[in-house]
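As structure tokens, the structure follows; a few thoughts come after it.
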Amino acid sequence: MESIFHEKQEGSLCAQHCLNALLQGEYFTAVDLASFAQQLDEAERERMAEGGTTTAEYQHFLQQPSSNMDDSGFFSIQVISRALEVWCLRLVPVTSQEYLETSEHPTQEQAFICNFREHWLSIRKLGYQWFNLNSLLIGPELISDTYLSLFLAQLQQEGYSIYSVRGTLPECEADGILRISPAVQLERPKLISEVNKQREKDEGRSSDASTGEQSSQEDDPELAEALRISRQENELDDKSLQEALRLSMQGYLENSPHQGQDLMPESSVVSSSVPPSHPTQQTTSHPTKEPDPVDLDELRQRRQAFFERQQTNPASPDKGPPAEPGQDRPHPVENDVSPVDSLPDEDSSREEPAVSEMTEDEMLQAALKMSMEATQQDTNQTQDTNSTS
């Protein structure tokens, strides 16, 4: 089937498509057929002028448009016949006496040309098979020998004018190929108009699907409002999630041990031993020395030594008389005493809380604070030494 030459309809050039399909090649153009039409018009004008150029018939003929062609591209049977004369071919109407006397059966012919309502089509035998080469079809249509007579009879009933092509048609490639390998057609070709309608329908569906949401929103204001509210809620949810993540990250950074000394005791941030002339040492970027693990036995010994100094110091208020040399002093754990808020060598002008008001936990916390302050003092002294050097 691919070897068969077939032209699809373009404009109203069905006469051109019909001749080229019959001859199986691009032998004629619209310009060629228009030239034949002009030659026929000139020959008719000369015949009409033989009766006189001043007659009413001649003047009326000049005013009439050409009967052999029009602006749409239609060409008359005379133009078709003139074009076939180039190939020594002629047309014989199937209703003529010549055809009835010479044709035994349509299958004995080699080709037909049909015309109905200014549309031309050709039917030709290629190999041993018949094909409908109508340019309105997307491809050649295979016609069996049994169906050929019925097909021509149907065309006659519909009003077609049918002509048998007599003479020797030019050789073509499709004729030789189909003699060796006959064509097989499982589905009849569709009309070009049907294919175009289906394509437009499919394109319309795709365009409707793409614009369906927009048109539905325009037609239904409530739906559009619901979609708008839904989008706003989604935006609020996204903002809430972002704010929650931000707060969570901020909390993590604030609680992170790398954020400075926020979680350290106050005494480890600003040491009382730092001179006022070096305020930058309070926020130095040098890594601080981590405090050593607290030894509880050492804390108890320091606390007891502090209590002994308080009891033996006569200038300290709210203290009892010094203990006798042989008198046993109460153990600090068994008495509800309180540690001080600074190191033992601090200024004695700071007022110390009463020993009887401190609990065990408060004493441990005070001891831990004392240890950390001592560590901070060592760190500050190291930094001062480094800065001096």
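Every residue, even glycine, has its Cβ placed from backbone N, Cα and C.
Pulled from TrEMBL, these are the features on record:
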type: ACT_SITE; residues: Cys14; note: active site
type: ACT_SITE; residues: Cys14; note: active site, nucleophile
type: ACT_SITE; residues: His119; note: active site
type: ACT_SITE; residues: Asn134; note: active site
type: REGION; residues: 191-223; note: region 'Disordered'
type: COMPBIAS; residues: 191-206; note: compositional bias 'Basic and acidic residues'
type: REGION; residues: 254-389; note: region 'Disordered'
type: COMPBIAS; residues: 287-301; note: compositional bias 'Basic and acidic residues'
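The residues of the compositional bias 'Basic and acidic residues' (191-206), classed with DSSP into helix (H, G, I), strand (E, B) and coil, number 15 helix, 1 strand, 0 coil. The Cβ of His119 (active site) has Cys14, Leu136 as same-chain neighbours under 8 Å, each 6 or more residues away in sequence. Around the Cβ of Asn134 (active site), a 10 Å sphere holds 25 further Cβ atoms from the protein chains shown.
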